[in-house]
Amino acid sequence: MPWSPNSAYDSLPPLPPAAAVETHAVLKAVIESRAALATLSASAAHLPNASIIINAIPLLEAQASSAIENIVTTTDDLFAAAAAPALETSATRETLRYRSALRIGWDEVRARPLTAATTERICAQIRGHAVSARTTPVVIGDPVSQTRVYTPPAAPTAIKDLLDNWSRFVNADLPGTRDLDPVLAMAIAHYQFEAIHPFTDGNGRTGRIVNVLMLCAAGILPLPLLYLSREIIETKDEYYRRLLAVTAERDWEGWLVYMALQVERSAKRTVALISQVFAVETELTDACRAHLGAVNADFVRTLMEQPYTRVRNVMEIARVSRPTATKWLKELTNADVLDERRVGREVLYINRSLLRTLASHGD
């Protein structure tokens, strides 16, 4: 049955695509994206303290991916809520659930193959309750024109069969898929997941988590460090236009070139962020030496792992007493290296330079 935006697309073609997708334009874009990913992977491999970036990038990815769904937070509010639950808003709470979902997915793909069942667990964490493949129809519309843009498959058997096929494709368990470049496989799988739209809500955020997990599972990235949603939100109109063009026109080339370009840009952005964060760490180390007389590496690590720090964080990580932790934090605050913020009976100490650096990539 031909596709129509007004009819459930139960005849959505299974994967892999029937058309040849490895065109000259696509392969050229993929080569550029793979070079950028290799640089990012090398940068990650040489991180002296990977936890600094592992804590920051998933939150920035969560912020950007949530913003695509019009769940908007500032970087400051997000990191503050991560440090102090009393500062949570409904938007930061939803965004922090995305970070938890990314971590759940990362744990999953290190232990077992990525499948439709994995996406259910990811989506459940995003939404805050158990989910399963939908059994009711959904419609995707244009909020401006108030017109129907796309009607995903509605028959439960069609959804199940398409998800089973998607899982096999993701694991290169279909003819002609083993030699497919992982960047192309990720982009194809992302389109198909969006087209199936298996859940009543949370599909986009779940699918964007799967993007980075597929690259990790393929061994291209050692950690889930790709900050891809920022590129998507900056090209949001094109993102949705390219998705729809695959459905309406089977324009795989336009979609795949677009996604490869966003991967390349994201990898380069993340490399720049890593460099900037470690410049902040160097400045902080120098400040500790100047104002405290010595450098405690665990103290510096505590201040770098999250922009907002409590006294007890320093006590636990640097293994020092409360008076010592408080003294160090107060000394750096008095030297205008840190800021203070009181939340109830507790004081948060803010690594202003780190927060400013992260906000330049997040807000």
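Backbone N, Cα and C define each Cβ position, glycine as well.
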Kindly point out which candidate in Glu22, Glu32, Glu69 is recorded by TrEMBL as part of the ATP site with His197, Asp201, Gly202, Asn203, Gly204, Arg205, Thr206, Gly207, Arg208, Tyr239, Tyr240.
Glu69
Rounded to whole angstrom, what's the largest C-alpha distance between any two of Glu69, His197, Asp201, Gly202, Asn203, Gly204, Arg205, Thr206, Gly207, Arg208, Tyr239, Tyr240, listed as binding ATP?
19
Nearest of the binding-site residues (Glu69, Gly207, Tyr239) to His197 (active site) - Cα to Cα:
Gly207
What is the number of other Cβ atoms found within 10 Å of the Cβ of His197 (active site)?
23
In the domain 'Fido' (114-261), how many residues does DSSP call helix, how many strand, and how many coil?
88 helix, 7 strand, 53 coil
